[in-house]
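Participant: Input: one structure, supplied below.
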Amino acid sequence: MASDMFLIAGLGNTGARYAKNRHNIGFMVADELAGRIGGTFKAASAQRCMLLEGRLGIGGPRVALIKPTTLMNRVGGAVSSVSKYFGIPATNVIAIHDEIELGFDTTQPRLGGSEAGHNGLRDITKALGTREYWRIRVGVGRPPGRQQVADYVLSDFSAQERKTLPITLSDAADEVEKLINTL
């Protein structure tokens, strides 16, 4: 059965200490989308997430926008739970995540494929039982020098990056809307 509803999952870690980390860019884009929907997230503890139901644009598609309340490597349960609750097929699931293989301020949609070492995507794939869901890859760039990837993605954006971050978030939200309107 085809669904006209989409599940948009902004990926990140909960807690103030992670709020401005590169790894939380999915949460940041979800907040941008929430502003466009014109609503606020509400706790959906049974689904282990913050949830906002609404429409993107006037007469636009119905969406369930979520920010899982688990750590990144456990987001699959929230995505799967909300997907089942609303009857949303995996092909209508969109995960927004940080991508070190893309330069900062680069956004790229992608259906399926490898998780490329991203533990959040790996957990979603396991929970959904398929890789055939959409990803909005938001570039955060590679770590400089010999810095470990985990340390890099769990660090805050640089002062220079913070200057253009609002544009990056808006562009990523635009990419989500464009994708939904073409599916």
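Positions of Cβ are set from backbone N, Cα and C atoms, glycine also.
Feature annotation from TrEMBL assigns active site, proton acceptor to H23. Residues or ranges marked as tRNA binding site by TrEMBL: Y18, N73, N119. Here TrEMBL flags N13 as site 'Discriminates between blocked and unblocked aminoacyl-tRNA'. Residues or ranges marked as site 'Stabilizes the basic form of H active site to accept a proton' in TrEMBL: D98.
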Participant: Measuring CA to CA, name the entry from the recorded positions Y18, H23, N73, N119 that ends up nearest D98 (site 'Stabilizes the basic form of H active site to accept a proton').
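Facilitator: Closest recorded candidate to D98 (site 'Stabilizes the basic form of H active site to accept a proton') by Cα: H23.
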Participant: Ten-angstrom check, please: count other Cβ atoms within 10 Å of the Cβ of D98 (site 'Stabilizes the basic form of H active site to accept a proton'), all chains counted.
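Facilitator: So the number of other Cβ atoms within 10 Å of D98 (site 'Stabilizes the basic form of H active site to accept a proton') is 24.
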Participant: Where does D98 (site 'Stabilizes the basic form of H active site to accept a proton') sit by DSSP, helix, strand or coil?
Facilitator: strand
Participant: So of all those recorded positions, N13, N73, N119, which one's Cα sits nearest to H23 (active site, proton acceptor)?
Facilitator: N13
Participant: For the recorded tRNA site formed by Y18, N73, N119, which further same-chain residues have Cβ atoms within 8 Å of the site's Cβ center?
Facilitator: N13, H23, L71, M72, R74, V75, G120
Participant: Enter the number of other CB atoms within 10 angstroms of the CB of N13 (site 'Discriminates between blocked and unblocked aminoacyl-tRNA').
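Facilitator: The Cβ of N13 (site 'Discriminates between blocked and unblocked aminoacyl-tRNA') has 22 Cβ neighbours within 10 Å.
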Participant: Quick check for the class: what is the C-alpha distance, in angstrom and rounded, between N73 (tRNA binding site) and N13 (site 'Discriminates between blocked and unblocked aminoacyl-tRNA')?
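Facilitator: Per the Cα atoms, N73 (tRNA binding site) and N13 (site 'Discriminates between blocked and unblocked aminoacyl-tRNA') stand 9 Å apart.
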Participant: Quick one: of N73, N119, which of the binding-site residues has the smallest count of other CB atoms within 10 A?
Facilitator: N73
Participant: Count the Cβ atoms, other than its own, that fall within 10 Å of the Cβ of Y18 (tRNA binding site), considering every protein chain shown.
Facilitator: 17
Participant: Using the residues the record lists for tRNA (Y18, N73, N119), what whole-number Å value is the largest Cα to Cα distance?
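Facilitator: Value for the max Cα separation, rounded to a whole number: 16 Å.
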Participant: What's the CA to CA span in angstrom from N119 (tRNA binding site) over to N13 (site 'Discriminates between blocked and unblocked aminoacyl-tRNA')?
Facilitator: 12
